[in-house]
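Novice: Got a structure for you, written out below as structure tokens; questions coming shortly.
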Amino acid sequence: MRGRMWKLAIYLFLLGFILNLLGIVTHVVVSSFAKRWFGKPLPPAFTTDWFTYAWREFELSHVLFITLFIALAVVFIALAIGFPAAYVLARRNFNAKPVLLLLYFLPLLIPQMTYGIPLATTLYGFGVGGTVIGVILAVLVPMVPLAVFILLPFFEQISLNLEWSAQMLGASRLQIFRRILLPLMLPGILTAGLLVLVNTISNFELAFLLAGGGSQTLIVALYYNVFAGGVRPVYSIDAMAVIYMCTVMAVLLVALRFVRPTQMVFRLDGRRN
Amino acid sequence: MARIRSDSRSELDLVAILCLAPSLLYVLAMFVYPFLYGIYISLQPKKRDAGIFSNYVAFFNDAYQYNTIKTTFMLALPTTVAVVLVALFLAYGMRRGIWFERTITTILVLPISLGVVFLSEGILGFYGHNGWLNQLLLAAGLIQNPLELTHNSIGVTFSLFMQNFPFCFLMLLGYISGIDPSLESSARMLGAGPWTIFRRVMFPLIAPGLIIAFALVFVMSFAVFPSAVMVGQPAGSTRTISIAAYQQAFEQYDMSYASAIAVIMGLCQLAALVVIVLVRRRMTIATTMGVGKR
């Protein structure tokens, strides 16, 4: 009996949390389609004008292009330099390895706002602050370690014997990489790439600190418009939020085909699947 | 070619170093260097004749600035306690799997992926003065005047909860479901009730993970920025320390003072981590006492 009450309480809480989440998301969606909405449970009339308004006024085609460019550049670079590092960290033993792992872990552990301000100062000092390159460089700071830590367990799953056999059969390093590691690592690369992509699109703090006029990502532009509330109709801001949500959801839906939801958070126990 | 693997021998050859170099250089150049540079320029105040610590002195002499530490703490601590307790309660209840686990965890990933800016915008609409919640409660006759849940610290706490709860819950769920279930069934066989099992067997095993989760959530909450601006009252009751740092950097253009505030923020987080680690060290003793040899 007590056990059943306990289970009930858990489900009720989860139901409440999910309903409240749905309420929050639905409110934004409904508001983006509202002609005018004040003090009523639902708007009296609906329209899609706010989407065209937002698209035009907030220059969303440009913002979306910038966002995708930044996100793809970050994914590409993070994988390109994270992949070899993850390989070495998974395969080789050396004295400095724990220190190295800690160093790679710190950008994920320390809040972005804490190191973002000195990072922004440095990048503005080099003259790349406010540019697309500055945003890419800043966002890469947590994304390179993220890629490394996602790829690492995938490497550990590949048996070392495969590499040894290939070596014994006369394969060069390049051949081992192209014929053995790359095909076996495809799921890992896909997982890491998608998670880096989602995290880059929804990364706020670093993109915000480094963004200038022409280098705002979608979420930064959204923030500025919410913050400057009153100048723009709230419905148009919600329309922009819906466009942002659809972008994230599209990537997320693809990602969730390959990724377990629990992979999206830190692992506490270091267990390997 | 026989290769002898030993833990003591270094297996770093040229190829391995070349593989590590790009990412290591990146982290050093873009993370370690800016950190050190930030500390350095925080000691180089804008005013030439001022002493090297004048930014720090200025911060701690100005109530408008040093109160941000208290404000941030008062937001971060209750949020963290609430998040960790609720997540522990749920994750413990679900340790043997639940219905629709995959669906539920997928839905929980949503707020993490959507990001805090979107959530805050939704919270403003849903919990705002004329939001759905107030309309519902007014229509049901439960309240006479609308509740003020946004543009104050309640809104920020709520937004932080929404952002951190799924993260903490999924982390703990993974951790708790990794505990060997035979320990629990042995305890039950020996006559322990549910509360005793939790208190004597499971909690000591969960405690280390719980403390890490607590530390992560606290540190993340302590750096709260977008939700403090959007659903809070950035000029008043929710002026957190990251807002103070941001204002110095991008409104006053005093990078030196801004870096000093960022350093103070980092030190506060570090202090919290140290306290948590010390608590953990005491708990670890309790763990070994509680379960004996593992």
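Using the three backbone atoms N, Cα and C, a Cβ is placed for every residue, glycine included.
Small disclaimer: the values here were computed from a predicted structure and weren't measured.
Annotation source TrEMBL lists transmembrane segment at A:12-34, A:63-89, A:101-126, A:132-155, A:176-201, A:207-227, A:239-259. Residues annotated as domain 'ABC transmembrane type-1' in TrEMBL: A:64-255.
Buried or exposed, and what's around them? Tell me for each listed feature.
Specialist: Sequence-distant contacts of the transmembrane segment (A:12-34) (same chain, six or more residues past either end, CB-CB distance under 8 Å): 42-43, 45-48, 50-51, 234-235, 238-239, 241-242, 245.
Outside the transmembrane segment (A:101-126), and at least 6 residues removed from its termini, the chain residues within Cβ reach (under 8 Å) are 85, 89, 134, 137-138, 141-142, 144-146, 148-149, 203, 205-206, 209-210, 266.
If you look at the transmembrane segment (A:132-155), the same-chain residues 6 or more away from its ends with a CB under 8 A from one of its CBs are 66, 69-70, 73-75, 77-79, 81-83, 85-87, 89-91, 104-105, 107-108, 112, 115-116, 119-120, 123-124, 185, 187-189, 191-192, 195-196, 199-200, 203, 206-207, 209-212, 214-215, 217, 263, 272-273.
For the transmembrane segment (A:207-227), the list of distant contacts is 58, 60, 62-64, 66-67, 70-71, 116-117, 119-120, 123, 129-132, 134-135, 137-139, 201, 237, 240-241, 243-244, 247: same-chain residues at least six beyond its ends, Cβ to Cβ under 8 Å.
Counting residues 6+ beyond its ends, the transmembrane segment (A:239-259) has Cβ neighbours under 8 Å at 25, 28-29, 32, 50-51, 53-55, 58, 60, 64, 67, 187, 190-191, 194-195, 197-198, 201-202, 218-219, 221-222, 225 in the same chain.
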